[in-house]
Amino acid sequence: MSAVTAALADGVTITKRNLIKVKRVPDLIVFSTLSPIMFVLLFRYVFGSAIAVQGISYAEFLLPGIFAQTVIFGSTVTGASLAEDLQKGLIDRFRSLPMARSAVLVGRTVADIGLNVITVLVMSITGLLVGWRIHTSFPEALAGYLLLLGFAFAMSWVMAIVGLLVRTPEVFNNATFIVVFPLTFIANTFVPTNNFPSVLRAIADWNPVSTLTQAARNLFGNVPPRQATGGAWSLQHAELYTLFWVVGMLVVFVPLAVRMYLRTAVR
Amino acid sequence: MTDIIEVEGLLKRFKETTALAGVDFTVPQGTVLGLLGPNGAGKTTAVRILATLLPADGGRAVVAGYDVATQPAQVRSRIGLTGQYAAVDEYLTGAENLEMIGRLYRLGRSESRRRAGDLLERFDLVDAAGRPAKTYSGGMRRRLDIAASLIARPPVLFLDEPTTGLDPRSRQDMWEFIAALVQDGTTILLTTQYLEEADRLADSMVVIDHGTVIARGTGDQLKAAVGGQRLEFTVADAAMVAVVAERLAPLGIEPPRVDQQTRTVTLPVSGGAEVLATALARLDGAAVELVDVGLRRPDLDDVFLALTGHAAEDGTGTPDATSGTSGANSTDGGPAGGRGTGSGPGGPAPGGGTAGAGVRPAAPATGRHAAAETEGAHR
């Protein structure tokens, strides 16, 4: 076996291990899909009754935003699970084995894509039920989903680093909540940014969560016909700008996460 | 016999503390080395360096012919590590856990499955093989953990406090499993706080404290270094303690030590059971009501106290900490006896190993005068 195939095999072994947990702990999947369903329904009917978006129904405007928020929350599972493995001594065991050094992190982040696929699927069905539609071709829609999952995958590596730093799942959850919540709210996810105060609007417009949402809207066709998107370059080139972020995060954080993993020690 | 583990001048510093200040030891192939020391002595740090989990700041360590610093990959495929807590995946079944580790040792699917089956049988986990490890008892998890570290038949096994937190019964089982491994030729580095455990399993011992080796040798050598046996007389009436001490003094090789608090007279002696008989005869006319009489051999608790000035279990507060039933009693007496003497978190009571006539009620804090002995026997 060459080093690469061996590393892949190890990654597969760890991915399987993580997916078995999803199977054995149905609560995990139930709650990670129930909360986005709840979000869809709450925003669609509570805020949707008060928020008017020009030229498009609120359901159509909302769903890509909820997708973006949910896959980012989904990526936090990576960090929480690594913190748990660290706490339980499993990372120690893995590090004492002659396995590929990247396998634990690769297996974790890949398994978490699987989890995100399931939640996105459930949300899409819920969305279709409350009036959201895809208006574009199959390849475009697929590109929309892939961009969402790709962004979440990149975020998983950031979360991996945080998880290895904080070391306890509880602390991790609190720490990420206070970051991820504003990150996904100071954005065009739930409301248009037009009326934000100017500083906030600048932040929102360049926030990759906004551009991810905008890109998803474009790719699913959830934009008002013939309306030029907002002024910022980032929003006008939402797909490209978001892709930069995905690639940039992977280039920076994958090697960093692997380094951290190798130096991680209990205590 | 060749040394399969060689450690020279191992140094490790954490921010402000020195965990290892130049530790040397070797482990001949096929033997068990007991690495003993109180909490924070550096035992786990040493194991983590040898298992390639931590880089050392100085010194050299060679495991199975490979340097841990420069050839960690080769070392990893030749070692098994069982840490202080059972590192098994709770959501996977016992069989899945073992197969996963087998795959990660690069054993291949069918070989991993076969080895997993063998080990489940050997560690008495066949019935639980299909259940998630979450449902296992502490002892079962620990066995699964050891099984996992054995899956690739590593020539060297690190057992870091393998029985900490186990109930006496599970501990006894674990000892049997470990003893069987040694029979198969596995070299084991065992760290423990339980001196009884080291006494029972280890061929030789290294005692470390504050990151330095303070003693080494076989259990018998360590005991011999601390001193011989002694008589212990506990009387009912505190007023009689002095009388007993006076009458027994001529039999001792050193002056008797008196503990008014526990109403105990301790007298270092040479010779065996006949000294005890003589001592009892000397007390005949004195109308002393004796609560406990015994000829006590030193156990490793005494060794520890003598060497470090504090007991092995100091500060751990482990509720079921076994005080040392040691020596001749350890093989059949088991931990149950030690447990009965109830060494609480505050005062470990090395009360075991009493040979001879002793009717032994729950020994009151023997630790107190044992501690006093430190000055006499050492430093």
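Note that Cβ sites are derived from N, Cα and C of the backbone, with glycine treated the same way.
Automatic, uncurated: that is what TrEMBL annotation is.
Predicted, not measured: the structure shown is a model, and the values here were computed from it.
Summarising the annotation, TrEMBL assigns domain 'ABC transmembrane type-2' to A:27-264.
Under the heading transmembrane segment, TrEMBL lists A:25-46 (among others).
The transmembrane segment annotation in TrEMBL covers A:66-84 (among others). With a threshold of 8 Å between CB atoms, the same-chain residues lying at least 6 positions outside the transmembrane segment (A:66-84) that come near it are 18, 32, 35-36, 39-40, 43, 91, 104-105, 108-109, 112, 115-116, 119-120, 123, 127, 148-149, 151-153, 155-164, 166-169, 171-173, 176, 180, 183-184, 187, 189, 209, 212-213, 216.
Same-chain residues lying 6+ beyond the ends of the transmembrane segment (A:105-130) with a Cβ under 8 Å from its Cβ atoms: 7, 10-19, 22, 28-29, 32-33, 36-37, 40-41, 44-45, 59, 63, 66-67, 70-71, 74-75, 77-78, 81-82, 145, 148-149, 152-153, 156-157, 160, 254, 257-258, 261. The annotation transmembrane segment is assigned in TrEMBL to A:105-130 (among others).
Among the features that TrEMBL reports, transmembrane segment is placed at A:142-166 (among others).
The transmembrane segment annotation in TrEMBL covers A:171-191 (among others). Here the transmembrane segment (A:171-191) has long-range neighbours at 43, 47, 51, 62, 65-66, 68-69, 72-73, 76, 79-80, 83, 159, 162-163, 200, 203-205, 207, 209-210, 213-214, 230, 235, meaning same-chain residues at least 6 beyond its ends whose C-beta is under 8 angstroms from one of its own.
Under the heading transmembrane segment, TrEMBL lists A:243-262 (among others).
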